[in-house]
Amino acid sequence: MTKKVSIRTFGCQMNQADTEIISSLLTAEGYCLVAEEDDADLVMLNTCAVRENAVEKIMHHLDSLKGLRRRRRGLVVGVIGCVPQYYREEMFQKSGVIDFIAGPDSYRKLPGLIRNAFQGIRGAELFLTQSETYGDIEPMRSGSISAFIPVMRGCNNMCAFCVVPFTRGRERSRSLQSVLDEVRRLEGQGYRELTLLGQNVNSYRDDEAGADFALLLDEVSKAAGEMRVRFTTSHPKDISEDLVNVVAQRENVCNAIHLPVQSGSSRMLEVMHRGHTRREYLDKIAMIRSAVPGVALSTDLIAGFCGETEEDHLQTLSLMEEVRFDYAYMFYYSVRPGTYAARHLTDDVALEEKKRRLQEIIDLQSGISGEIFGNDVGSVQEVLAESESRRSSDMLMGRSDTNRVVVFDRQHYQPGDLVRVVIESSTQATLIGRCQDPGEG
């Protein structure tokens, strides 16, 4: 009898891409994917460990599976991805519901782990490699419009606060040819957009082909035909003029760059081991904006890192005002055991102070985003329709070239269509408009 498996994905776009790889591996073994955990013989959680609240969310979900296990005798539960790689066999003590665990480099081992689990044998596969990229596996895509292509895995940067080098291992890249082959398959299958992924995508290297990320992006843009091309995430110290010039010159490469800064204080950037100063970051921003007028810039910000003073916090606010990011992902610092910060620094900013500083960051960014989005009112945006709006089937939701979320009246258009939309109003996170009439403009 065919076993049914449900995979729930937490966290980043790389985890979503990994779930597509895992789905491909398991369907090749004869498993049937189901959406609902209540219908499954096997429940798998693909997990994120980047922040404490992400781990808490996963542990809470594991607690909720205890009731499902009572209702479905023989149910097998697996936890995969960054959380088990981070906590290792301690996961079995954290939750008695877990039957097996596997880290991000061990997904080829899943069929064996699962077979053993159905026989009552617990298992763990947690080896990190310097070679695994899964580049030979055709993902089982979850959508038909946009696709993720992981081009490299891991990170060598060792930022003081970050668990990624411990959960994802050292950097390694796919071959240029394997990436281009996947791009051409997507183009042939009618996909409209692709996103090149990496924990630090700018560090992509294929030494045999003599390719860095700028060359890869250029070659992908040529192979992609009319598909839009995006990429994430970039590290400020690695973004190059060559890369920015590709963004400027290639029409199908979207004018949106995510460039995490974390803090506006050079002192804090040094404590964080970020590898650049405030001035160097601002110089990169100036270089990008000079080459790509109208580019959308987004970032990550941490409030209350170890030793952060009020002056450091004010430096972050002033950098936000100077750069004027289109949007930002904002969090207060939480200690991640095993990181440099946990081992060598003191988490000395009180929780209430972290929350206050974070709220000031959020409030400032909300105002900036509201002004930037408001400036788009009256413009015409070329929008790739992705889905029906959650509020009404008469509306479609999509994204502009600059990664703005745009909601508009659908008329005769369908998801996957590229639509010219006249923007009539905005919020701090969304543009609202109507389809441009034929002959208008």
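One is the number of the first residue shown, and numbering goes on along the chain from there.
In case you wondered, yes, glycine gets a Cβ from its N, Cα and C as well.
Listed in Swiss-Prot:
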BINDING   Cys12, Cys48, Cys82  [4Fe-4S] cluster 1 binding site
BINDING   Cys155, Cys159, Cys162  [4Fe-4S] cluster 2 binding site
DOMAIN    3-119  domain 'MTTase N-terminal'
DOMAIN    141-371  domain 'Radical SAM core'
DOMAIN    374-437  domain 'TRAM'
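Shown here: features listed in Swiss-Prot, placed on the structure.
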| residue | record | Cβ contacts under 8 Å, 6 or more apart |
| --- | --- | --- |
| Cys12 | [4Fe-4S] cluster 1 binding site | Cys48, Val50 |
| Cys82 | [4Fe-4S] cluster 1 binding site | Gly11, Asn15, Thr47, Cys48, Ala49, Val50, Gly103, Pro104, Val163, Val164, Thr167, Arg168 |
| Cys155 | [4Fe-4S] cluster 2 binding site | Cys162, Val164, Pro165, Arg168, Arg170, Glu171, Gln199, Asn200, Ser203 |
| Cys159 | [4Fe-4S] cluster 2 binding site | Gln262, Met272, His273, Arg274 |
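The helix, strand and coil residue counts that DSSP assigns across the domain 'TRAM' (374-437) are 1 helix, 35 strand, 28 coil. In the predicted structure, the domain 'TRAM' (374-437) carries a mean pLDDT of 96. Sitting within 8 Å of the Cβ centre of Cys12, Cys48, Cys82, and not among those site residues for [4Fe-4S] cluster 1, are the Cβ atoms of Phe10, Gly11, Met14, Asn15, Thr47, Ala49, Val50, Ala54, Gly81, Thr167. Within 8 Å of the centroid of the Cβ atoms of Cys155, Cys159, Cys162, where the record puts [4Fe-4S] cluster 2, the same chain has further Cβ atoms from Asn157, Met158, Phe161, Val163, Val164, Pro165, Gln199.
Helix, strand and coil counts from DSSP across the domain 'MTTase N-terminal' (3-119) read 62 helix, 23 strand, 32 coil.
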